[in-house]
């Protein structure tokens, strides 16, 4: 025989089991079972956004703690609808007379950050508890792949037959594919590599002709991955600049008192009045390149009219080298210069710095003007 009572009736009065057989009668009092029912504590936890991005899956753990008796039912809902798969519930384990269990839900990363509500529903002794969790779309935006395109250096554009475009993909998932196209034409590019300092980024480069870059053709970096609904694309091209302005270049000699008193001297190259802002400035000594660590270029800054720019370069040299008669040249490259490169050379014999325009072909054999 079986008797079903509600939770509220447990302990409200004494319960007896009565058995008759012929003239015989047995009566048994049923012990109060109120203390035997302990409803569980239900807690939901999830993996971090970083783990979701790297593993491409979100894991939600529903912890069901300290319940008695053992019988329990766990269901998962997605936006209020029962789920048939994607979760595993472990058998209950007994500790100090009570039971605990866990249910683990796994969701693909592409579904997690879509504002979907997942519910762990726990039923125990006719009582049901529900806990909800939502993948935040705001969090996902920080972890979506992002594309940054870098143009070639102005020095490469002015001096070389080919230039390099760079595509940096941050928050890149494992196995991401990066490709390049010119308009709709696929380009052969270097395989994307992950730099050691940022394991969540990949870098892809493509070499194109300088002529193609100067033609203002449009180049696309395309990022694809199985977790992306559609490939990501970004474009880069050389911007047309109508107001070209050629820079003026002057080298300031060290003052006489500095030459006689100091072990190290400073030469200053002032480049101003140019537009657009892309420019390179470097130094040579006796027609050989100076180590970039020996000079410092300022940032390119706008002049008062806001339509042109200027930059300083400061070269530190040993006083004895200056005294030996070495020739120092400030070499400036800019697209508005007719031959692309301009060179100013000074030495200890210079009353004023000399001025030379040099072609690309002669750059490596710059001759000092006396």
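Each residue, glycine too, has its Cβ placed from N, Cα and C.
Annotated features, as they stand in Swiss-Prot:
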| type | residues | note |
| --- | --- | --- |
| DOMAIN | 40-134 | domain 'Ig-like 1' |
| DOMAIN | 145-237 | domain 'Ig-like 2' |
| DOMAIN | 247-347 | domain 'Ig-like 3' |
| CARBOHYD | 98 | N-linked glycosylation site |
| CARBOHYD | 132 | N-linked glycosylation site |
| CARBOHYD | 177 | N-linked glycosylation site |
| CARBOHYD | 343 | N-linked glycosylation site |
| CARBOHYD | 347 | N-linked glycosylation site |
| CARBOHYD | 357 | N-linked glycosylation site |
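The structure, with features from Swiss-Prot marked on it.
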{"residue": "98", "record": "N-linked glycosylation site", "DSSP class": "strand"}
{"residue": "132", "record": "N-linked glycosylation site", "DSSP class": "strand"}
{"residue": "177", "record": "N-linked glycosylation site", "DSSP class": "strand"}
{"residue": "343", "record": "N-linked glycosylation site", "DSSP class": "strand"}
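Contacts of residue 132 (N-linked glycosylation site) defined by a Cβ separation under 8 A and a same-chain sequence distance of 6+ are given as 44, 117, 118, 119, in order along the sequence. Residue 343 (N-linked glycosylation site) sits 44 Å from residue 177 (N-linked glycosylation site), counting Cα to Cα. Under DSSP, the residues of the domain 'Ig-like 2' (145-237) split into helix, strand and coil as follows: 11 helix, 43 strand, 39 coil. Mean model confidence for the domain 'Ig-like 3' (247-347) is a pLDDT of 92. Using a 10 Å Cβ-Cβ cutoff, residue 347 (N-linked glycosylation site) registers 19 neighbours. Across the structure, residue 347 (N-linked glycosylation site) and residue 98 (N-linked glycosylation site) are spaced 91 Å apart at their Cα atoms. Most buried of the glycosylation sites 98, 177, 343, judged by other Cβ atoms within 10 Å, is 343. Taking only the Cα positions, the spacing between residue 177 (N-linked glycosylation site) and residue 98 (N-linked glycosylation site) is 51 angstrom.
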